[in-house]
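*Asks:* Quick one: this structure, given as structure tokens, is what I'll be asking you about.
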């Protein structure tokens, strides 16, 4: 899996950063899952290597405009392109009213179904939000000025590496049989021999995990959601020098994001949702924010629009 940052600015777009959106590209399928959809997201998609037709799920963290104003326009465009299978939208209960009101008011009729999934109950009781045979999604309540939710996508453990040499040495014919053996199944050959697939595979490989936390001030629930994550994407709106403002607005500083990653034992941190007050011409620059976080959590990176990063 990998992520592409489509918007990394806090509150308003700038000449170099659009407002919040991130695309998660799944390695198991051709699907793309979108996290937040600020104004201008569909323009960012056009400039990226992400195909909007592959978007199957959209996860909204909260109802502030810089995270949702691009949603009606994107859905309308997808409707013109004929996304026949529909899209699932996860988020606060107000999300359905916002989207349907915008579409109705603009006389927009989509050619595909929308399926809304409210996340409040799942977040409050730490229940699984979505699960299939390869992935599961959890969410958690964050700490912001209005209800906000972080999301965790966890890949289930994968079969161990298949020992092809062992199979060929035993004259097992290549083809679909190898796939069955790799899945751990017992296979019977035409010559009467039977083989247990588990004898040909190494130990299971741990699946990848990705966590997206924005908007929030320092939060225990964000730490718990991020436990042992391979990649944590965490908002870092303010410098440590502006900590007072962070607490007033319930946003995170670089130090808060780094401490969350450290306490969660995350493998890698990418900070995003950068306040437009920090520019190359300001006293505190974006590079300053990165250095602040790296002093606490060395394996930290600074997000920028169109950055693509592997989960693991």
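Placed from the backbone N, Cα and C atoms, the Cβ positions cover glycine too.
What you are looking at is a predicted structure, and each value in this text was computed from that prediction instead of being measured.
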*Asks:* Which residue of 138, 144 does Swiss-Prot report at the same Zn(2+) 1 site as 62, 64, 215?
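*Replies:* The one candidate that Swiss-Prot places in that Zn(2+) 1 site: 144.
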*Asks:* What does the structure give for the C-alpha distance between residue 273 (Zn(2+) 2 binding site) and residue 144 (Zn(2+) 1 binding site)? Integer Å is fine.
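*Replies:* For residue 273 (Zn(2+) 2 binding site) versus residue 144 (Zn(2+) 1 binding site), the Cα atoms are 14 Å apart.
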*Asks:* With Cβ-Cβ distance below 8 Å and at least 6 positions apart along the chain, what are the contacts of residue 64 (Zn(2+) 1 binding site)? List them in sequence order.
*Replies:* 146, 215
*Asks:* For the recorded positions 66, 215, which one has its C-beta crowded by the most other C-beta atoms within 10 angstroms?
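*Replies:* Buried the deepest by this measure is 215.
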*Asks:* Let me know the most crowded of the binding-site residues, choosing from 62, 67, 144, 273 and counting other Cβ atoms within 10 Å.
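*Replies:* Neighbour-count leader: 273.
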*Asks:* Using DSSP, would you call residue 144 (Zn(2+) 1 binding site) helix, strand or coil?
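*Replies:* SS state of residue 144 (Zn(2+) 1 binding site) = coil.
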*Asks:* Can you grab the distance from residue 144 (Zn(2+) 1 binding site) over to residue 66 (active site, proton acceptor)? Cα atoms, rounded to a whole Å.
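*Replies:* Just about 14 Å between their Cα atoms.
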